[in-house]
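Enquirer: Sending over a structure as structure tokens; questions will come in a sec.
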């Protein structure tokens, strides 16, 4: 009889849903942040959609560099849309409850889009490296088929390597606390609620960070180091200026993206003292780059601006 009673109590402690509390420490007035976040989200949607439509409709932009930019616009739309509607629902309607399957699905999609953005930045860096360092071979190497192959590889890489993240999280036992001090289902935020050992989860998260983001970051900055070396060897000031101008917009966004990752990672270690900072930076890092990317490209790339003018009549 005692055994059955204990089993019943254990079953009743097993939770079936999480509660996303929002921004820790400012729950009472966090809804005031909903307006700037909503504006950033709408800006990201409109700007990236406009860039994608412009690239598709303007024949002069049907080049590999702009194809990668169009893919990046779709990835930015997907990343922002994965998190922002739920955040707005939490701030506006106090809809904090999320089921375990929905939470694990959001966790998977966030990781996929985040790693996909890193992968597209790497593809764009390779494209600029070949265009500047091996210009005669560029038309034969970077073709439409090349764009399809590397994009497909990035999708498979990110999609397959990310599967263990929600699978491992779903295998944990959640039996006591179900309140997540976050606006979204981050892997570390969810598994920190588990009652059993989460060493494997943390190890795989670290493995993904080094294998995907770490390798992309090293290869991206190595590509730009080689580009800079090649540019500095050019005898023509005009050619040097043109080469630098085509890379500057890419490098600005890449530097912002990876520096943001480093800042978020560093602030995670002060979470116990100031829990708001890493959570807020994590949210902003998922919505600011999608809003910032189109503006930087629109300002820095003349052909894209001409495409905008044609589309707008």
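Just so it is clear, glycine is given a Cβ too, placed from its N, Cα and C backbone atoms.
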Enquirer: Have a look at 105-126, 127-148 and point to the one annotated transmembrane segment in TrEMBL.
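Expert: Transmembrane segment, as annotated by TrEMBL, spans 105-126.
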Enquirer: Tell me which range among 8-31, 32-55 TrEMBL lists as transmembrane segment.
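Expert: Feature transmembrane segment in TrEMBL: residues 32-55.
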Enquirer: Cβ under 8 Å to the transmembrane segment (67-93), counting only same-chain residues 6 or more beyond its ends: which ones?
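Expert: Those are 20, 22, 30-31, 33-34, 37-38, 41, 44-45, 48-49, 51-52, 55-56, 106, 109-110, 113-114, 116-117, 120-121, 123-124, 127, 144, 147, 151, 183-184, 283, 286-287, 289-291, 293-294, 297, 304, in sequence order.
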Enquirer: For the transmembrane segment (207-228) and the transmembrane segment (249-270), does the number of C-beta pairs under 8 Å, pairs 6 or more apart in sequence, reach 3 or more?
Expert: yes
